[in-house]
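See structure below.
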Amino acid sequence: MRNCKMARVASVLGLVMLSVALLILSLISYVSLKKENIFTTPKYASPGAPRMYMFHAGFRSQFALKFLDQSFVPITNSLTHELQEKPSKWTFNRTAFLHQRQEILQHVDVIKNFSLTKSSVRIGQLMHYDYSSHKYVFSISNNFRSLLPDVSPIMNKRYNVCAVVGNSGILTGSQCGQEIDKSDFVFRCNFAPTEAFHKDVGRKTNLTTFNPSILEKYYNNLLTIQDRNNFFLSLKKLDGAILWIPAFFFHTSATVTRTLVDFFVEHRGQLKVQLAWPGNIMQHVNRYWKNKHLSPKRLSTGILMYTLASAICEEIHLYGFWPFGFDPNTREDLPYHYYDKKGTKFTTKWQESHQLPAEFQLLYRMHGEGLTKLTLSHCA
């Protein structure tokens, strides 16, 4: 009897030791994982496949990629071929692009939904929010309505080549600035700085998005004279560009939106920037991308800008779309944003809302089909 108990204890201890050993091995694998494994990892079974299959297919890379860091997903071998062996010459497929544009327009009237206009809302009208409970509302004030354009800022606009510039750290050292600035229209995301990074990201800006939370994060809600001056000077640099302000995504933006409205009314006529305030556009945009098997809690700003660009651009080139913490060309570590301070740790907070790797894979597939040019290598 005693021998049986001892045997059971020994068995349990053995299982515990094996589990600890596997955990230690996985941690070591994660730390020592070479970045090239991201590209050479074969297509393994789906997450629901038998665990032993994944061990057999390649324990180190699969365990580290699949279970320890969800931001790193196996990238297809075709990406390896294009970036590391023989960069292919991208060819624009106009027929496919026009077909996609038509598909998008069936779900989203981009011109109409690009911005609210004076004629599309009335004073006292209650606006709801795309990503908040229906109980939250924003009342259209006289000041807010006075800031709306008379017609959509992109009405009857057409541009040959457009650049949509994301904020990924892959732009660091890319020398893509001149190429971006040659575009006929440049979309930028989240009021990203350009001057100190112009060699990599360019200076030209025709449209930049402005999430109201930026006012809290970088301009202290305009609480001091210095904060207000800094914001004014930043806006002045935009000259006649469009400032696209998605004020109706979250109810938490309401107070900041009112602060913005007061500021723009106060400085009416002093700035050349064009204001655009989209209404509830996301329900339409989400519907299109859901048909492409992309349905995160929230789409990224970058893919939203691609959606808008499809309506006014004859050809779209993407820069700064890379959601991983290393450069695919040099394998050096990258910051999450190109403008992050040196030494800033790569963040994966976006996982709470976005599906950036899935978005990237879709965009890369579109690149291969000639729908859009996705720049991942250095430009010079």
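Along the chain as shown, the residues are counted starting at 1.
Backbone N, Cα and C atoms are what each Cβ position is placed from, and that goes for glycine too.
Swiss-Prot annotates Asn190, Ser300, Thr301, Gly302, Trp322, Tyr336, His337 as CMP-N-acetyl-beta-neuraminate-binding residues; of Asn160, Asn167, Asn220, Asn221, the candidate listed for that same site is Asn167.
When you check Swiss-Prot, the disulphide partner of Cys313 from the set Cys4, Cys162 turns out to be Cys162.
Looking at Cys176, Cys189, the record from Swiss-Prot puts Cys379 in a disulfide bond with Cys176. Spanning the residues Asn167, Asn190, Ser300, Thr301, Gly302, Trp322, Tyr336, His337 that the record associates with binding CMP-N-acetyl-beta-neuraminate, the maximal Cα-Cα distance equals 16 Å. Annotation note: Thr301 (CMP-N-acetyl-beta-neuraminate binding site) sits in a helical segment as assigned by DSSP. Distance between Cα atoms for Cys313 (disulfide bond) and Asn113 (N-linked glycosylation site): 16 Å, as a whole number. When the recorded positions Asn93, Asn113, Cys162, Cys176, Cys379 are ranked by how far their Cα is from the Cα of Gly302 (CMP-N-acetyl-beta-neuraminate binding site), Cys162 comes first. Annotation for Thr301 (CMP-N-acetyl-beta-neuraminate binding site): same-chain Cβ neighbours under 8 Å, separated by at least 6 residues, are Gly166, Cys189, Asn190, Thr209, Asn211. Long-range C-beta contacts of Cys162 (disulfide bond), restricted to its own chain and to partners at least six residues apart, with a cutoff below 8 Å, comprise Ser183, Asp184, Phe185, Val186, Phe187, Ala309, Ile312, Cys313, Glu315, Ile316, His317.
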